[in-house]
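Notes follow the structure.
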Amino acid sequence: MSDYTNTVTVEITSDDSLVADVIVVPVASGAVPRLPEDSKFRAYEDILQKLGVTGSKDELTRIPLDGSKHVVLAFIGVGKAFSATELMFAAGSAVRQIGARCIQIDFSVTQKDKLSAIVEGAFLGAYRFDKYRSKKSECPEVIRVSHNINGITDSECRQIIARAKVIAGSVGLAKDLVNTTGDDLYPAQFASFVAKDLEGIDHISVESWDEKRLQEKSCGGILGVGRGSNFPPRLVKISYTPGQYKKHLSLVGKGITFDTGGLSLKPASAMLGMKYDMTGAANVFAVLRIVALLRLSVRVTGWLCLAENMLSGSAIRPGDILRTYSGKTVEVTNTDAEGRLVLADGLALAGDERPDVIIDIATLTGAAKVALGESCSGLMGNNPDLLCSLEVAAKSVGEKFLAVPIDDDALQKALKSDIADIVNVPTSNKVPGMQFGAVFLKEFETTNDSGEAIPWAHLDVAGPANASYDTGFNSCGPTGVAVRSLVEFCRCLSSAPERKLF
């Protein structure tokens, strides 16, 4: 695995000359297709209308450029408005769909935030995963992004490109991890990759706990889930500690490198995509990488809870009792609810450091996908202000988080076990699965030195973690969901640490 952004060159230019193979122009939807007011290609609006172009997202229409035998105009739909997020998705969609060697994105932008969004979208759209293909996918080699911004300096343009490259490259590495098959990526190999990739980055350190260390620390959740596999579990701690900071954020990621369901075996159709069950850990790694490379002034600690959930003579059985790191015992009523068991250890370990806020991310429940679909992540926690701040951060980068309440007495009662502290799955089928998963994890929240619960949020990304169709800058497969949202949240903590976010 390597940073794919090193294989594509993105340039920012104010040069009006059309020197690319394909010129990409945005078109918005409405009663008639609309181009930006100052676009040099507005004369094509009538042609687009006659062709039935709607301007809907991902719609791509190719027309030969007047007076040129070799240059093609590609009109990409942006939806209803030329907003920064819509332009980002449109740029990414065009780059994803067009295989020409040189592309010029001419969106007639006059604002720096829109230019930044377009460059980021272009980088994200250039991602390809060809590890297991005999023939490589076509991908642009040069992407020129033109603009109409007065007074922007070359230095500012370089900064925009550098930032977008860091974000897209890190998201790409997370996607590579998720795309890699279970037989090529077991817990120890995952841990080794993270340590090697982050080596040499300023202010960042990586610590990997093997099964012996996990045993010494009494991490019964991670050990229990991993004991049925020939490949033992790992816990990876990534620490980013800049020279100056005022806030400390802990991120905990579920990292089940393959999930058979254990003895509560999944059906074959449900097992096929279970290499994706380590999305949370992969995306936490990406957030730490971005935050460190962008040198944000916020301390961030990542906890990657890595295990393979297999079935064997040594696998945990329904009815077994696991003692987690916190000392709390769990009756395993279903071995296919293993993600919450590894997160239980990760959350308690994160709490030991008394950070200002803890956020976990996991493909935790199928119920989240049923309830919210593929475009929205479930957001739950113990602090309404934190949930609101995360929703705002997500919206600003074009993602969707929906806060879901979990303060329900019935959910609390469903945790009850006859022989242990709690169960991992309720015996009643009337309990909402997504919310119960969060209520289970809430049992492992920690108090700060003042005796108050540390603000905690749980992101269930089971729906948007994996796209079932191509859209925007994402091809079918892993999406890197929540990475950019959490980076934006970190940026807020870094730039305005006194601002009330939780």
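The backbone N, Cα and C atoms fix where each Cβ goes, and this holds for glycine too.
Residues or ranges marked as Mn(2+) 2 binding site in Swiss-Prot: Lys254, Asp259, Asp277, Glu338. In the three-state DSSP assignment, the secondary structure recorded for Asp259 (Mn(2+) 2 binding site) is strand. Around the Cβ of Asp259 (Mn(2+) 2 binding site), a 10 Å sphere holds 27 further Cβ atoms from the protein chains shown.
The Mn(2+) 1 binding site annotation in Swiss-Prot covers Asp259, Asp336, Glu338. The secondary structure of Glu338 (Mn(2+) 2 binding site), as reduced to three states from DSSP, is coil rather than helix or strand.
The active site annotation in Swiss-Prot covers Lys266 (among others). Secondary structure at Lys266 (active site), taken from DSSP and collapsed to helix, strand or coil, is coil.
Positions annotated as active site by Swiss-Prot: Arg340 (among others). Just so you know, the Cβ of Arg340 (active site) picks up 27 other Cβ atoms within 10 Å once every protein chain is counted.
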> Given Asp259 (Mn(2+) 2 binding site) and Lys266 (active site), what distance in Å do their CA atoms have, once rounded to a whole number?
Replying inline: 9
> Among the binding-site residues Asp277, Asp336, Glu338, which residue has the largest number of other Cβ atoms within 10 Å of its own Cβ?
Replying inline: Glu338
>> So, three-state DSSP: helix, strand or coil for Lys254 (Mn(2+) 2 binding site)?
In response: strand
>> Quick check for the class: what is the C-alpha distance, in angstrom and rounded, between Lys266 (active site) and Asp336 (Mn(2+) 1 binding site)?
In response: 8
> Cα of Arg340 (active site) to Cα of Lys254 (Mn(2+) 2 binding site): how many Å, rounded?
Replying inline: 8
